[in-house]
Amino acid sequence: MKRAVVVFSGGQDSTTCLVQALQQYDEVHCVTFDYGQRHRAEIDVARELALKLGARAHKVLDVTLLNELAVSSLTRDSIPVPDYEPEADGIPNTFVPGRNILFLTLAAIYAYQVKAEAVITGVCETDFSGYPDCRDEFVKVLNHAVSLGMAKDIRFETPLMWIDKAETWALADYYGKLDLVRNETLTCYNGIKGDGCGHCAACNLRANGLNHYLADKPTVMAAMKQKTGLK
């Protein structure tokens, strides 16, 4: 039996990963992390979606220690979430240092326990917010270290790594879940479900990608299929 664990926030990217994983694996588990995030409404959304989509199990892990250690606008109410700035340089204040290191490591431990062969994460280097822990190089290096440390080959899969946001919408549509992803996920840094606040970087990337996809579905769908190998 093929098993996988999806790092699941209830947002656009991880929900699309879950939808695909359910088609590719016999048994899919979800793991969601409570780190005291500003947008922690995503945890309830993740619970609802994991149940609705048919995950075998859904674990919510308490990692609120991360909130104490990592200073970010997502972990401190005193630091405002910035509006999207298209020309902004450097790492944005929404970056939570160490978050994906911790999440992927804990997800791998869970995968070890449930005998899953893969941990799936929705990180993306093509169309992202400048986070260093979303890079392909980082994921591969951590995957190697975790596999060595566990003496077990648990594969980190990144199905969205080389597709952009428009193509991510196309992927959701390919599996017949475009409306679900649009209306029932929570991507917004300010914790607003669906189309979100419309001002933060997460909402901007999501909206621009959706508009691009809806404006030229055949071209974007073809590009997504070419990059992912889907027929």
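Using N, Cα and C of the backbone, Cβ positions are placed for all residues, glycine too.
Taken from Swiss-Prot, the feature ATP binding site applies to Phe8, Ser9, Gly10, Gly11, Gln12, Asp13, Ser14, Thr15, Thr16, Cys17, Leu18. The Cβ neighbour count for Leu18 (ATP binding site), using a 10 Å radius over every protein chain in view, is 25. DSSP assigns Leu18 (ATP binding site) to a helix.
Among the features that Swiss-Prot reports, Zn(2+) binding site is placed at Cys188, Cys197, Cys200, Cys203. A sphere of 10 angstroms centred on the C-beta of Cys188 (Zn(2+) binding site) encloses 23 other C-beta atoms.
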| remark: For Cys197 (Zn(2+) binding site), the three-state DSSP class is coil
| request: Would you mind pulling the DSSP three-state label for Cys203 (Zn(2+) binding site)? | output: helix
| Just the number: how many Å between the Cα atoms of Gln12 (ATP binding site) and Cys200 (Zn(2+) binding site)? | 15
| message | What are the sequence-distant neighbours of Thr16 (ATP binding site), meaning same chain, six or more residues apart, C-beta distance under 8 angstroms? | response | Gly122, Leu160, Thr168, Leu171, Ala172, Lys177, Val181
| query | Expressed to the nearest Å, what is the distance separating Cys197 (Zn(2+) binding site) and Gly10 (ATP binding site) at their Cα atoms? | reply | 16
